[in-house]
Ligand code: NAD
Ligand code: IPM
Ligand code: MN
């Protein structure tokens, strides 16, 4: 019986639609297991710019600091995507939140539900049994270095920077996770070209002897992009820099069937933030067809990691599994054989998961 305060930050686009379903599931878990969850909500991204001019208003950040955990949706709006000159942008709110909360480790589990073997564009025999845990570094790299223009705006630059300390703290998290899994760690970099990657590899090599039970391999990011599709089962835990991790996990979402299936946990110094890896998906916003399972599975990560509620978290994952076994799908994970009446909208899919709890 615990009392916890959860901040709901839906953000923009389908963030609004899917986060509502994640919250519904948290509510049901509280009732079922006798916990008290209190909620508040806050603005971020385009929604916050419209209301306050700031993509991460001080009041939102303050609420985040005070909460026991944050369930986050997505940020983004086509208006900014198509206007490279915009100075204030929704994504700045997300990046500032990560920096201010010290969320240096982004865990992105890539786990295929067996029922979705056919939903992926990869052959079932290549996919079956794939289970990867990405550790994406989240507060460094080219995202946070100095950026700007010179030569009257005709030259642009973004500086990628990593300190030994930053690499070591994410690496240790990944090594520790590998110990609880299949004891394999793949560190991904571009050390044949990039200096931050050479530091990255140096740090991994230096601390690896402290984890003799973990088998370490180094892969270049370009080869990794290929290996993920060729043989996803060869990976257990993967640790990589911010930009490489961003790109590789969108690619890896196809191992799980869809972007709409991939949850994430951002953890570090303070409040943990739980969010789908997908964005605000302008192309389907307002249609009620977004897959809410990434948000629901993010809620499961929240229960496990921030609240230590493993049984509650497992109950959510099991409920999702049962819904998929019963044949229900959202459009993104349906295939040619899915009967029309089994293809559900966002809220109806959330309701099916609820019904299993
Ligand atoms: P996206 O992840 O929003 O969408 C990519 C594709 O996947 C789209 O076709 C979309 O319809 C589909 N998709 C994503 N989530 C889905 C779901 N739950 N169910 C079904 N289909 C889903 O990426 P994008 O289109 O490149 O970017 C759109 C906006 O989102 C941009 O403004 C971008 O900056 C922002 N973005 C935000 C985040 C975040 O907040 N964490 C992440 C990625 C992109
Ligand atoms: C993500 C997104 C963000 C990132 C963008 C919107 C800043 O793609 O959460 O994966 O690149 O980290
Ligand atoms: Mn991304």
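Yeah, the Cβs are placed from backbone N, Cα and C, and that goes for glycine too.
Unlike curated entries, TrEMBL annotations are predicted automatically.
Residues annotated as substrate binding site in TrEMBL: 98, 108, 136, 222. Cβ environment of residue 98 (substrate binding site): 138, 139, 266, 273 lie under 8 Å away, each six or more residues apart in the same chain.
Under a cutoff of 8 A between CB atoms, and with a sequence separation of 6+ in the same chain, the neighbours of residue 246 (Mg(2+) binding site) are 136. Summarising the annotation, TrEMBL assigns Mg(2+) binding site to 222, 246, 250.
The annotation domain 'Isopropylmalate dehydrogenase-like' is assigned in TrEMBL to 5-353.
Around residue 143 (site 'Important for catalysis'), the same-chain residues six or more apart in sequence whose CB sits under 8 Å from its CB are 95, 242, 243, listed in sequence order. The feature site 'Important for catalysis' is assigned by TrEMBL to 143 (among others).
Under the heading site 'Important for catalysis', TrEMBL lists 190 (among others). Under the three-state DSSP scheme, residue 190 (site 'Important for catalysis') falls in the coil class.
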Residues near residue 190 (site 'Important for catalysis') by Cβ (under 8 Å) yet at least 6 apart in sequence within the same chain, in sequence order, are 197, 220, 221, 222, 244
Tell me which recorded positions (98, 136, 143, 190, 222) have a Cβ under 6 A from ligand 3; sequence order is fine. none
Cβ neighbour count (within 10 Å, all chains shown) around residue 222 (substrate binding site): 13
Of these binding-site residues, 108, 136, which scores lowest on Cβ atoms within 10 Å? 108
Of 108, 136, 143, 190, 222, which recorded positions come close to ligand 2, meaning Cβ under 6 Å from one of its atoms? none
Taking just the CA atoms, what is the gap between residue 108 (substrate binding site) and residue 250 (Mg(2+) binding site) in Å? 10
For the Mg(2+) site given as 222, 246, 250, which other residues of the same chain have their Cβ within 8 Å of the site's Cβ centre? 221, 225, 243, 244, 245, 247, 248, 249, 251
